[in-house]
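J.: Mind having a look at this structure? Questions to follow.
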Amino acid sequence: MTKKRIAVIGGGVSGLSSIKCCLEEGLEPVCFERSADIGGLWRFQENPEEGRASIYKSVIINTSKEMMCFSDYPIPDHYPNFMHNSHVLEYFRMYAKEFGLLKYIQFKTTVCNVKKRPDFSTSGQWEVVTEHEGKTKVDVFDAVMVCTGHHTNAHLPLESFPGIEKFKGQYFHSRDYKNPEAFTGKRVVIIGIGNSGGDLAVEISHTAKQVFLSTRRGSWILNRVGKHGYPTDVLLSSRFTYFLSKILGQSLSNAYVEKQMNERFDHEMFGLKPKHRAMSQHPTVNDDLPNRIIAGMVKVKGNVKEFTETAAIFEDGSREDDIDAVIFATGYSFDFPFLEDSVKVVKNKVSLYKKVFPPNLERPTLAIIGLIQPLGAIMPISELQGRWAVQVFKGLKTLPSQSEMMAEITKAQEEIAKRYVDSQRHTIQGDYIQTMEEIAEFVGVKPNLLSLAFTDPKLALKLFFGPCTPIHYRLQGPGKWHGARKAILTTYDRIRKPLNTRETEKSNSMVSAVTTGCFMLAVVFFAIIMAYA
């Protein structure tokens, strides 16, 4: 029987994992990558080509290595918990080499058009038109996986800033920022307080004369480093914390999170406190911003009302003169011009079942992979989406009816609108654990905690109270990995490894406290398990 051929569009993180997902299910992937190398967003270039995602030289990832790794390929234990972009790219190269993925990628190949074949209603096949070195080619594929991400088109709303066309200084989108030396001794306005805006404000403040960080709403600032020095995402991303948040509800959960954030620094005193609650916006992850604010190197300002030739006038009436540069850290938009009408994007919104499948196709042979902005790591979600998609392509899993999918999409969009502030940043928002657990159930790889509580209680405790790492979804079912159990039980060893660069005397009181805590957690765990039995 001839293998099904799958077109994978994009050779970034989602594309690499999708190639591997195809191979695991005996499919034949052909990946098209418009640039000359893998890595997508995480491959730094001084002058990236148009339409390609871009990062600045100093970027450090906001999710820790245990939460962002591929599910059957842990990141080396000596790597730092929060990796520089060069380490991230190096890990992707190791992954591609380990599983032999590069031979399936056609580099310097642009996908121009993807359209249904005339017999699509019965075959589900697609015609894919590509261009390589000036030559056009048409291929037929049994399914298509779109892995182009959502950081390609810079969102630059200049129409919202009257007078910017008269401004005599330099202005550009954060996509084009590379290093701080160009701003030495200058007065710089940064518009937007997302992750890029916060990072740029901190970095440029080390060379600039003054940085003004302009924010329309304000933001809650989340530390990478949490209690006792462990990564914050490791501490927050457990089934227990997710279970607890559902019991407490949004109001109490918000109150707790805001209290924790304000214990680090008072957001109101620093001029950062927004009107919305902490869990109503994607958080800004930044360890250094409050230090630069309290040192006076970064001044927080409100929204810019207008620009003059040399000044920025803010909505509160204040004015800053002699501005040399304005950087718009205003995010990105996405589209799929090569898909024609198969997937429509309206105001940065797209209708996809579980953020993967278009509901209006006669055959479920098109999947959008990685089009999500999670409260957590995106890499493991992309991988799990790919594992689900290839099962659907093979007919091993089926999707609900079109009406059922549309009803679920409408419900999901209403929930996003209810929870989050209205922003194009939140149109593809998703919760890490909820998304992973839901798709894992579709794939057949969601851990059975009730069964494990009796057969392997040590592991069950780790699965419930420990960080919900991607490796959890290799314990059972399709794609089971024999090393999963050991990798889960040694999670904290890998977290501590890069920090153990000097011997210190261990505290007995700490060991005792940990032992007591583990015992109490075990009691709580079995009480919950028995309640659900």
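Glycine too: its Cβ is placed from the backbone N, Cα and C atoms.
Keep in mind that this is a model prediction, so the values were computed, not measured.
Relevant sequence annotations retrieved from Swiss-Prot are reproduced here:
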MOD_RES   ARG5  dimethylated arginine
BINDING   GLY10, GLY11, GLY12, VAL13, SER14, GLU33, LEU41, TRP42, ASN62, THR63  FAD binding site
MOD_RES   SER54  phosphoserine
MOD_RES   TYR56  phosphotyrosine
MOD_RES   SER58  phosphoserine
BINDING   SER196, GLY197, GLY198, ASP199  NADP(+) binding site
MOD_RES   SER280  phosphoserine
MOD_RES   THR284  phosphothreonine
MOD_RES   SER401  phosphoserine
TRANSMEM  510-530  transmembrane segment
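So that I understand the layout, could you describe where these features sit and how close they are to other parts?
T.: Counting every protein chain shown, the Cβ of ARG5 (dimethylated arginine) has 18 other Cβ atoms within 10 Å. In the three-state DSSP assignment, the secondary structure recorded for ARG5 (dimethylated arginine) is strand.
There are 21 other CB atoms within 10 A of the CB of LEU41 (FAD binding site), with all protein chains counted.
Counted within 10 Å of its Cβ, the other Cβ atoms near SER54 (phosphoserine) come to 22, all protein chains included.
Taking a C-beta cut-off of under 8 angstroms and a sequence separation of 6 or more, TYR56 (phosphotyrosine) has the following same-chain neighbours: PHE44, SER174, TYR177, LYS178, ASN179, ASP199, LEU200, GLU203.
Under 8 Å, Cβ to Cβ, and six or more positions away along its own chain, SER58 (phosphoserine) finds HIS84, ASN179, ASP199, GLU203. Secondary structure at SER58 (phosphoserine), taken from DSSP and collapsed to helix, strand or coil, is coil.
Following the DSSP three-state reduction, the secondary structure of GLY198 (NADP(+) binding site) is helix. The Cβ neighbour count for GLY198 (NADP(+) binding site), using a 10 Å radius over every protein chain in view, is 26.
Shown in sequence order, ASN254, ARG419, TYR420, VAL421 are the residues of the chain, 6+ apart in sequence, with a C-beta less than 8 angstroms from the C-beta of SER280 (phosphoserine). SER280 (phosphoserine) carries a helical DSSP state (H, G or I).
On its own chain, THR284 (phosphothreonine) has ILE193, GLY194, ASN195, GLY197, GLY198, SER219, TRP220, ILE221, LEU222 as residues at least 6 apart in sequence with a Cβ closer than 8 Å to its own Cβ.
There are 10 other Cβ atoms within 10 Å of the Cβ belonging to SER401 (phosphoserine).
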J.: Work through the recorded positions one by one (ARG5, SER54, SER196, SER401) and name whichever has its CA nearest to the CA of ASN62 (FAD binding site).
T.: SER196
J.: Ranking the binding-site residues SER14, ASN62, SER196 by other Cβ atoms within 10 Å, which is at the bottom?
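T.: Looking at the binding-site residues SER14, ASN62, SER196, the Cβ with the fewest others within 10 Å is that of ASN62.
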J.: Taking the centroid of the Cβ atoms of SER196, GLY197, GLY198, ASP199 (NADP(+) site), which other same-chain residues have Cβ within 8 Å of it?
T.: SER174, ILE190, GLY192, ILE193, GLY194, ASN195, LEU200, ALA201, VAL202, THR284, ASN286, ALA329
J.: Distance check, please: Cα of GLY12 (FAD binding site) against Cα of SER54 (phosphoserine), rounded to an integer number of angstrom.
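T.: That separation, Cα to Cα, works out to 12 Å.
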J.: Near SER54 (phosphoserine), which of the binding-site residues GLY10, SER14, LEU41, SER196 can be found within 10 Å, Cα to Cα?
T.: LEU41
J.: So, in DSSP terms, is GLY10 (FAD binding site) helix, strand, or coil?
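T.: DSSP call for GLY10 (FAD binding site): coil, neither helix nor strand.
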J.: For the FAD binding residues given in the record (GLY10, GLY11, GLY12, VAL13, SER14, GLU33, LEU41, TRP42, ASN62, THR63), what is the largest pairwise C-alpha separation in angstrom?
T.: 25
J.: According to DSSP, which of helix, strand or coil covers SER401 (phosphoserine)?
T.: coil
